[in-house]
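Chemist: Annotation comment: TrEMBL describes B:33-107 as domain 'Phosphoribosyl-AMP cyclohydrolase'. TrEMBL lists B:Asp80, B:Asp82, B:Asp84 with the feature Mg(2+) binding site. If you look up TrEMBL, you'll see B:Cys81, B:Cys98, B:Cys105 marked as Zn(2+) binding site.
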There are 2 protein chains.
Amino acid sequence: MSVMSNVVNRIAWDEKGLVPVIAQDANSGNVLMFAWMNREALEQTLILKRAVYFSRSRNRLWFKGEESGHVQHVKAVRMDCDQDVLLLLVEQVGGIACHTGRNNCFFEEYDWDKQDWHVVAPVLKNPDDIYKS
Amino acid sequence: MSVMSNVVNRIAWDEKGLVPVIAQDANSGNVLMFAWMNREALEQTLILKRAVYFSRSRNRLWFKGEESGHVQHVKAVRMDCDQDVLLLLVEQVGGIACHTGRNNCFFEEYDWDKQDWHVVAPVLKNPDDIYKS
């Protein structure tokens with residue numbers, strides 16, 4: 001199975017050949033994380049129906065869950081009005097998307113009274129138990 | 001009222017002084033749009049409790065709704081684990097976030113059978129009626 005080039009060519013890839021990607025839990029609606037894809041990552045995501053990102057820090061494809069087991073099964077891939085952002089609707093294996101062991105990465109919230117950030121979501125699993133050596 | 005610098009300094013601003021921002025409807029959970037902020041945009045957002053982005057195409061602050069009236073009232077501002085992405089929970093005035101007149105910008109979805117994108121959300125208001133000259 002291959003991905004037709006017209007699908008990937010619709011995307012307005014940025015100057016680095018990347019597109020921003022938002023992953024949302026298809027069931028809870030929680031925004032889980034934000035990452036990037038290159039062409040190959042999108043193709044692999046569409047073929048495998050599993051989230052594959054491009055890791056800018058490691059400069060390689062990142063098969064989400066490859067170390068943690070916290071795979072994201074992709075139920076839908078949506079594109080925005082400028083064709084330069086993607087939204088994935090996913091089923092999050094283990095209910096943990098964040099490397100800190102939380103459901104999602106957006107766990108600090110601004111407190112208008114204290115005028116500072118504060119943590120609003122619990123650690124569900126110790127990262128040391130997620131990433132065993 | 002001013003925004004304490006420690007709040008803005010927590011953000012890992014990119015090489016252009018920007019941070020990606022996801023806007024999510026606080027009630028429906030729909031991901032509405034994706035945009036960028038610079039320091040001033042974030043400060044104005046926290047002060048006004050209204051979404052203020054930085055428009056890269058116009059190279060200036062973009063007070064969301066300034067032309068369309070489709071203001072976003074900000075209920076919460078969250079920061080991710082790397083401090084380099086923000087998530088806004090907003091009340092979307094008019095129920096329309098997208099300049100195409102749709103609820104949100106992510107209205108094209110990949111169809112695995114047809115292997116192509118297709119539109120999955122209706123136009124709620126004619127853009128000609130939104131952006132009157």
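For all residues, glycine too, the Cβ spot is worked out from N, Cα and C.
Where in this structure would I find these features, and how exposed are they?
Modeler: B:Asp80 (Mg(2+) binding site): 23 other CB atoms within 10 A of its CB, across all protein chains. When secondary structure is read from DSSP and collapsed to three states, B:Asp80 (Mg(2+) binding site) falls in the coil class.
Mapped onto three states, the DSSP output places B:Cys105 (Zn(2+) binding site) in coil. The local packing around B:Cys105 (Zn(2+) binding site), expressed as other Cβ atoms within 10 Å of its Cβ over all shown chains, amounts to 24.
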Chemist: Taking the Cβ of B:Asp84 (Mg(2+) binding site) as the reference point, list residues of the same chain whose Cβ is under 8 angstroms away and which are at least six residues distant in sequence.
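Modeler: Sequence-distant Cβ neighbours: B:Ile11, B:Ala12, B:Asp14, B:Val19, B:Pro20.
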Chemist: I want to check the contact list for B:Cys98 (Zn(2+) binding site): same chain, sequence separation of six or more, C-beta distance under 8 angstroms. What comes out?
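Modeler: The list for B:Cys98 (Zn(2+) binding site) reads B:Leu32, B:Met33, B:Asn104, B:Cys105, B:Phe107, given in order along the sequence.
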Chemist: With every protein chain in view, how many other Cβ atoms are within 10 Å of the Cβ of B:Asp82 (Mg(2+) binding site)?
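Modeler: Step by step: centre on the Cβ of B:Asp82 (Mg(2+) binding site), count other Cβ atoms within 10 Å, giving 13.
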